[in-house]
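Since the structure comes first, as structure tokens, the remarks are kept for the end.
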Amino acid sequence: MTTRYIFVTGGVVSSLGKGIAAASLAAILEARGLNVTMMKLDPYINVDPGTMSPTQHGEVFVTEDGAETDLDLGHYERFIRTKMNRRNNFTTGRIYEEVLRKERRGDYLGATIQIIPHITNAIKEKVLAGGEGHDVAIVEIGGTVGDIESLPFLESIRQLSVELGRERSLFMHLTLVPFLGAAGEVKTKPTQHSVKELRSIGIAPDVLVCRGDRPVPANEKAKISLFCNVEERAVISLKDVDSIYKIPALLKAQGLDELVVKRFGITCPEADLHEWEQVIYQEANPTGEVTIGMVGKYIELPDAYKSVNEALKHAGLFNRVSVNIKYIDSQTVEAKGEEVLQGLDGILVPGGFGERGVEGKILAAKYARENNLPYFGICLGLQVALIEFARHVAGLEGAHSTEFNKETPHPVVGLITEWINEEGNVEQRHETSDLGGTMRLGAQLCHLSEGSKAAISYDGNTCVERHRHRYEVNNNYKDRLEKAGLVFSGLSSDRQLVEMIELPNHPWFVAGQFHPEFTSTPRDGQPLFVGFVAAATAYQKRDLG
């Protein structure tokens, strides 16, 4: 199969939405029957984002094969059917690590290791490998043109475009076309300078996607075309929208997909966007609204919970309600108590690491349990629910996780002592193990108890969800907790690890050790999120009634 490559760069400012624009183009091409994949090349030195602060970098998206990746891969999976893997995201740090490892082994036969050709060759090899087996591979380059960090990646894709030829490569550049209120017009100079910077390193964009808060007028498109040496039909206006799921239709209306397939000489049918039209219709026509309190510790940056936010919105589509997310700092719950949890239709406690704010999450679980308020716990959200139940129902005073209190008299949650590395080898984990890449990661099979809310939600007796954690329920306490009324409704494939818990006499008190948000999409939803929002809707109606 001959793979065509679309390289996506950004200029003027960061946070223009390269990932969303690239994913939207991928969605249109997929709707034309093409097999599309995507890649994100990140210029930072970290080997992967696994140990980066969520409040700086946003969430870590976990793929089926257990790679800890950039949150843009979450956008990719929400827009196209192709599942991402560890080949779809790599960093400068990963490239340098692999090149230096080869140098230490003597693979370069004593050569002087340089950015060109050794680093650029390594980048090109990964890009080509990631695109194998697909009709089109869309490659997003992180950062902004002009950044020092991005230069090796830009040089690599410049070389690739020469090697692949025009029939197999295309450059799409996102820029900002700001509107100046004082002048009463949009300004194209930032775009012109950004393209000039890109051309100075040997890359001439074939498509310009112009971001702004309003459409770019036709006369300004003509001006951009003239000064940036890009066909006028390839100057695409992409204004701000109230829903990112409208973007595929906006790009298609301007003929971007047709331009791409003609450039690549691909014969394929017109794009069928009826699934996206349905998503947009459901989003625009809710029959009600529910308020979900998300009790977390990274709420100053909502992108730290990007997939959770999106999964709640998707669940709203399937329940025909809009979901209003109220972000609640778990430390505020510790300081002010239950008053900050009033007026909610459901509580969701997402994942997290470290002791800060844990008691606030435990209090949130207690409030939901005692007030029959729908509760959904994810990863740490399961652990705090279990700790709360152990303390206040099972009579295990002082129960805790050894992550937060190594001297707890009742360690109901403890460290997983074995883990499998990327090569598939079993290694021992202990308190001083490296933080990076030493968790239980990726898709795992879970057996569900018959008749449980979990089994009803999934409409079956198994599910496969993605994990990212070091700590698990301590099996030594299972019998005592079960006798107190807790149901262990999900177990690992070998039935040795607890994957899900729930309370049978509660409208919806369900928690999973995994991260179901990573498998939610606007077209398909996710069973547990759909069930949770349905329970929140029912709670609201009962409360109002």
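Numbers run from 1 along the shown chain.
Placement of Cβ uses the backbone N, Cα and C atoms for every residue, glycine included.
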Annotated companion of SER14, LYS187, THR188, LYS189, PRO190, THR191, GLN192 at the UTP site, Swiss-Prot, chosen from LYS40, LYS221, LYS223: LYS223
Further binder of L-glutamine named by Swiss-Prot next to GLY352, LEU380, GLY381, LEU382, GLN383, GLU403, taken from the candidates ARG263, ARG470, ARG480: ARG470
Packing count at CYS379 (active site, nucleophile) (other Cβ atoms within 10 Å of its Cβ): 23
Lowest local Cβ density among LYS189, LYS223, ARG470, HIS515, which the record lists as recorded positions, within 10 Å: LYS189
Among SER14, LYS187, THR188, LYS223, which are recorded as binding-site residues, the nearest neighbour of GLY381 (L-glutamine binding site) by Cα: SER14
Residue among binding-site residues SER14, LYS187, GLN192, LYS223 with Cα closest to the Cα of LEU382 (L-glutamine binding site): SER14
Additional residues surrounding L-glutamine, by Cβ distance to the GLY352, LEU380, GLY381, LEU382, GLN383, GLU403, ARG470 centre under 8 Å: GLY351, PHE353, CYS379, VAL384, SER401, VAL413, HIS469, TYR471
Spatial neighbour of GLU140 (Mg(2+) binding site) that is closest, considering only the binding-site residues SER14, THR188, GLN192, GLN383, ARG470 and their CA atoms: SER14
